Amino acid sequence: MTDITKEAISPSRSFLSQDAIQVFYRLLAALLICAVLAVLSDSFLSLGNILNVLRQASLTFFIASGLTLVVLTAGLDLSVGANVALSACLAGTVIHQTGSPVLGVLTALVAGGIVGLLNGVMVTALRIPSFIATYGMLWVLNGLTYWYMAGETIHGFPAGFRQIGSGYLFGLPIPVYLLLIFLAIGTVFAQRTIWGQEIYAIGANPVAARLSGIPVVRRLLLVYAVSGTMAGLASIIFLSRLNSAEADIGESLTLPAIAAVLIGGTSLFGGVGTVFGTFVGALILTLVLNGMNILSVSANWQPLVTGIIVILAVWLDMKARRRAQ
Amino acid sequence: MSSASTIEAPSPAPLLELRGISKEFPGVKALDDVSFAVFPGEVHMLLGENGAGKSSLMKVLCGAYRADAGEFYYKGDKVAIASTADAQKLGIAVIFQEFSLVPHLDIAQNIFLGREPKGRIPGTIDRRKILADAKRVLDTIGFDIDPSTTVDKLGVAQQQMVEIAKAISQNARILVMDEPTAALSDRETDLLFALIARLKADGVSIVYISHRMAEVFALGDRITVLRDGRRIDGVRPADVTPDQLVRMMVGRTVDMSYPRNFADKPGEVLLSVKGLTSPTGISDIDIEVRRGEIVGLCGLVGSGRSEVARAIFGADPVTSGEIVFDGKTISGEPDVAARRGIALIPESRKSEGLALLRSVGDNLVVSALRKLFPSGLFDQRSAQRTSDSLIRQLRIATPSARQAVGLLSGGNQQKVVIGKWLAAGAKLFIFDEPTRGIDIGAKSEIFALIDRLVAEGAAALMISSEQVEICHVCDRAYVMREGRIAGHLARAELTEENIVRLGMHHA
């Protein structure tokens with residue numbers, strides 16, 4: 001058949017290995033940044049600073065990991081930061097009133113998850129584009145949090161609870177352990193479960209996914225719920241680390257999380273990307289900001305640099321993918 | 001080709017004449033040496049099966065396609081139609097089935113889109129003039145409506161009127177209409193026919209594509225029949241019967257080298273559909289498919305065949321009726337149907353059947369994930385084994401399972417879509433135009449594959465516009481017309497003529 005000859009001459013390409021290559025380049029970039037910073041500054045390579053970078057990166061990663069799943073389905077969750085704020089304030093109240101950190105943690109996870117589920121319902125049942133649904137949710141959550149807190153600050157939590165965000169175990173900050181745990185869980189979920197495979201399929205072509213028998217609505221609900229729950233988890237770390245909760249703590253979280261996802265190589269068009277890539281993205285973002293701090297570059301420059309890195313990373317990705325086709 | 005001389009011209013010279021028009025696309029000759037003349041003030045009916053070349057001819061006429069060979073004459077002078085602008089200059093306008101109106105603009109703005117009268121201030125529109133001009137055009141076609149009404153408030157028939165008004169305002173002398181009554185009620189159809197009579201009286205020529213016998217005879221001054229991209233004959237309605245026309249339309253010759261082993265006795269009933277009605281426009285559908293059978297579902301494009309397939313599969317909502325599959329009723333989303341063993345191989349495989357950027361392997365296992373990995377844990381190596389074995393079994397021409405499926409040829413892509421349902425262990429395969437855009441060799445392979453599937457106890461429901469394929473492959477067939485089952489043809493009755501006769505509108 002003519003078919004066979006036509007295909008035989010075009011070289012074999014794999015998008016799985018393509019993904020691996022992208023992540024590899026990102027790790028190289030992260031190492032390069034480390035090397036440059038190590039040369040420019042003596043304090044960069046200190047253990048304290050490296051642990052600090054990892055702890056910072058973990059906060060971004062918790063939010064960004066759930067967001068990665070949403071972006072893999074060609075969606076977006078702009079409400080994660082506001083979700084962190086609401087979950088933190090609710091959890092803080094519960095801990096104050098019951099004295100039980102466990103109940104507080106549960107509250108944050110459940111509240112975050114419910115918010116995510118509501119996002120999922122808007123996207124699936126009401127068919128509102130995720131960008132708009134979660135943008136609206138951002139305002140709703142902000143409104144609820146400001147109303148609930150009424151300008152108050154909750155602070156002062158039990159020492160045990162504060163260990164989550166600021167404690168150490170065998171010389172490593174506890175958030176770093178959580179980071180490794182959730183990196184593993186996220187990677188296994190995305191790469192090694194059939195739900196993960198279905199999420200990639202939905203992102204690559206939602207119509208074909210539905211007509212292939214994938215329960216698209218249920219998977220999307222799951223993905224948004226996971227994103228919300230991860231925001232709830234992040235709120236615990238924040239609460240415990242800051243030892244206080246205010247209505248405005250979420251305001252600077254969403255955009256860096258999206259930046260980590262994009263720098264990590266996940267495509268906003270869906271179907272392409274990895275949770276590990278997002279981890280590396282969060283790492284690069286944190287390293288650069290940390291480096292600028294160490295080198296005493298004014299913090300005013302940070303947004304500019306972040307923007308340039310995002311644009312550069314996405315542009316290089318698109319170029320690589322176009323070449324692969 | 002035989003009988004151009006059998007027609008006497010209704011007036012001495014044709015307004016527009018096409019001679020020896022050919023148009024080829026990769027793998028298909030859409031138009032083959034077609035000659036066609038339009039006389040002033042006539043209604044010229046264009047008749048033919050799906051894929052006979054009507055649309056291609058229409059697109060050549062309006063300059064959307066450029067003919068590979070052939071000549072155009074306008075009032076006896078040789079002209080070129082190389083672009084839509086050329087056609088417009090000659091006064092040729094097309095009313096497509098999908099209107100090209102801007103919904104949130106008003107009637108006047110739509111009629112004069114891109115040609116608005118300029119106001120005194122640069123960049124503005126002379127509102128009073130545009131409304132007056134629009135009113136005048138609407139009056140000439142007898143359409144009494146306020147030209148400042150926005151188009152999205154209009155019904156289909158009224159939108160069609162606006163399209164016609166737009167064409168008239170551009171001084172159209174030849175109006176090409178593609179199945180203009182397809183979406184109209186009886187009363188609206190009468191109004192359209194009255195308008196056509198009025199346009200004729202003004203000397204406007206109408207090229208009218210239709211699938212309804214009644215209007216072919218009621219309206220047509222002349223009829224041109226196309227088949228396989230060729231002009232078969234040109235006749236006057238008075239000289240032919242509907243049966244003769246049907247016979248001219250059918251009789252396509254296609255190489256049928258694939259084998260089909262018809263089962264002597266079909267197995268038990270696998271799918272039984274009763275009274276299926278869906279908001280997509282199908283109603284009261286009764287269909288039965290048994291194990292070991294290939295059942296055809298034919299009818300004209302737009303008669304509701306794909307909608308039946310989608311409703312059975314759960315892809316479209318069902319308002320009433322019952323679907324019993326393998327002894328149990330079934331309802332819900334496609335994932336329910338898929339898990340029970342129904343497969344849909346959709347018509348547009350690129351947009352609905354495959355994730356083009358993902359690998360062949362990913363696409364092959366996507367429907368079988370639950371079956372292959374009941375624990376929920378995905379294993380890349382085991383998935384790879386499954387896809388490798390399917391690639392061998394279906395002889396999918398790909399360098400490896402890791403190749404992006406979008407890089408494969410049409411035939412191999414179709415094999416991947418079928419393969420994913422083989423992996424899922426489907427029992428009923430619903431094929432929607434399974435051989436569209438596939439070369440002859442791959443077609444035979446696809447049919448051999450379908451034959452093997454049903455021989456092994458599965459069943460197939462096959463939608464095809466290629467009647468000759470249905471006749472060759474199917475045990476029996478249902479014919480649809482305007483959202484309903486118009487008839488059932490057993491193996492012995494399964495001829496192209498019978499399919500066309502049942503599928504055409506006679507009322």
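Here the Cβ of each residue, glycine as well, is placed from N, Cα and C on the backbone.
What TrEMBL annotates here:
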- A:23-47: transmembrane segment (TRANSMEM)
- A:59-82: transmembrane segment (TRANSMEM)
- A:102-121: transmembrane segment (TRANSMEM)
- A:128-148: transmembrane segment (TRANSMEM)
- A:168-190: transmembrane segment (TRANSMEM)
- A:220-240: transmembrane segment (TRANSMEM)
- A:252-269: transmembrane segment (TRANSMEM)
- A:301-318: transmembrane segment (TRANSMEM)
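For the transmembrane segment (A:220-240), the partner stretch with the highest count of Cβ pairs under 8 angstroms, out of A:23-47, A:59-82, A:102-121, A:301-318, is A:102-121. Take the transmembrane segment (A:168-190) and the stretches A:23-47, A:59-82, A:128-148, A:252-269: counting Cβ pairs under 8 Å, A:59-82 has the most. Contact check: the transmembrane segment (A:252-269) against the transmembrane segment (A:102-121) gives fewer than three Cβ pairs closer than 8 Å, residues 6 or more apart, which falls short of the contact criterion. For the transmembrane segment (A:128-148), the partner stretch with the most Cβ pairs below 8 Å, chosen from A:23-47, A:59-82, A:102-121, A:301-318, is A:59-82. Residues 263-265, 274, 276-277, 280-281, 283-284, 287-288, 290-291, 294-295, 313 of the same chain lie 6+ residues outside the transmembrane segment (A:23-47) yet bring a C-beta within less than 8 angstroms of a C-beta in it.
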